[in-house]
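Swiss-Prot annotations:
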BINDING   118, 122, 123, 124, 351, 352, 353  (6S)-5,6,7,8-tetrahydrofolate binding site
SITE      226  site 'Plays an important role in substrate specificity'
MOD_RES   227  N6-(pyridoxal phosphate)lysine
């Protein structure tokens, strides 16, 4: 697949092969990661990368865009069909760019943005001080209830009435429960705010019809195209409002982006078609079944699951009672070729670089074909490591690490992904 690269730049090729082996022989449990199909990767690596195409279909600033127009229109039409939306912009380079585009289409710098606190499951772009969203807008945050660790909608309503935000954001990067979009829209309407839903994490579940579709309720919906959607790295914006759509288009180009990445847009089109298949719907159902099975199995091994479980593809493990940090367990699991990420939890007392928890997701292992029985194996490995972390650097007994690595490789070999590409 990469013969020309191998002959022209062996240094990059060797690094690529090392990453390929890491992905093939390791357990990927980062909730925001997945394995794109070869079709998606072929489109992303295609000759579409050669073409500049500032503007939109039929309204370009460069000549020679007739076939670029075809592929971008196809991507837009498929996105609209997939999510039952009237309008779609497929040009955002990322989820963060999509969020910036949506914000600037709905409000001005200095206006009030209301989003979920990062430490309670939100995202950097939902108002974190270090992010553009926190720098450009007056931010008011809501979180989860201390007891249930789920969203208290009455409290969200109280905060919204007090703050009178211009935009309310629903969605997050580490919230494991289904969100009541209807309730959020009622709150937004009550205070005269726009409702924006960031469905970057659960878009694949929405596409498969096993999660409520926020397009029915939100003024604007943003998403990434990787994660559960299993496409290339990129973003999209959806709306049913023609005026908002016009504003979004102006903000994306020429407002915050120049030439779109048409090779990635082509790959988005491929991913959207894949997401319309019956196989994809069954895949998403299995993602959730695996997530529930893995969280339940870990809970049975005395690891505390935030909110007591999950409705989606991800969940948080609170490590406070084990007296280890998320940073330490992330490193310890990494030594065993199991990849997770440290994550803040509700009532967090440590810095975001250390944290009291880890986030776990099942999209990637489910893409490999793993099911509930394999989740039991994975839970046993995680629990064994969690109970044997020696220090803050995440060191564990070398013999134990080798034993678990061997089990990881054995499991991965039963469910190959890109094995035929390894040299």
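Heads up, the Cβ atoms here are built off N, Cα and C, so glycines get one too.
Structural mapping of features recorded in Swiss-Prot.
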residue : record                                                  : Cβ neighbours (10 Å)
118     : (6S)-5,6,7,8-tetrahydrofolate binding site              : 25
122     : (6S)-5,6,7,8-tetrahydrofolate binding site              : 25
123     : (6S)-5,6,7,8-tetrahydrofolate binding site              : 24
124     : (6S)-5,6,7,8-tetrahydrofolate binding site              : 17
226     : site 'Plays an important role in substrate specificity' : 26
227     : N6-(pyridoxal phosphate)lysine                          : 27
351     : (6S)-5,6,7,8-tetrahydrofolate binding site              : 10
352     : (6S)-5,6,7,8-tetrahydrofolate binding site              : 16
353     : (6S)-5,6,7,8-tetrahydrofolate binding site              : 9
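Note: the CA-CA distance between residue 124 ((6S)-5,6,7,8-tetrahydrofolate binding site) and residue 226 (site 'Plays an important role in substrate specificity') rounds to 18 Å. On a Cα basis, residue 123 ((6S)-5,6,7,8-tetrahydrofolate binding site) lies 16 Å away from residue 226 (site 'Plays an important role in substrate specificity'). Taking only the Cα positions, the spacing between residue 118 ((6S)-5,6,7,8-tetrahydrofolate binding site) and residue 227 (N6-(pyridoxal phosphate)lysine) is 19 angstrom. Residues 118, 122, 123, 124, 351, 352, 353 are the ones the record ties to (6S)-5,6,7,8-tetrahydrofolate, and the longest Cα gap between any two of them is 16 Å.
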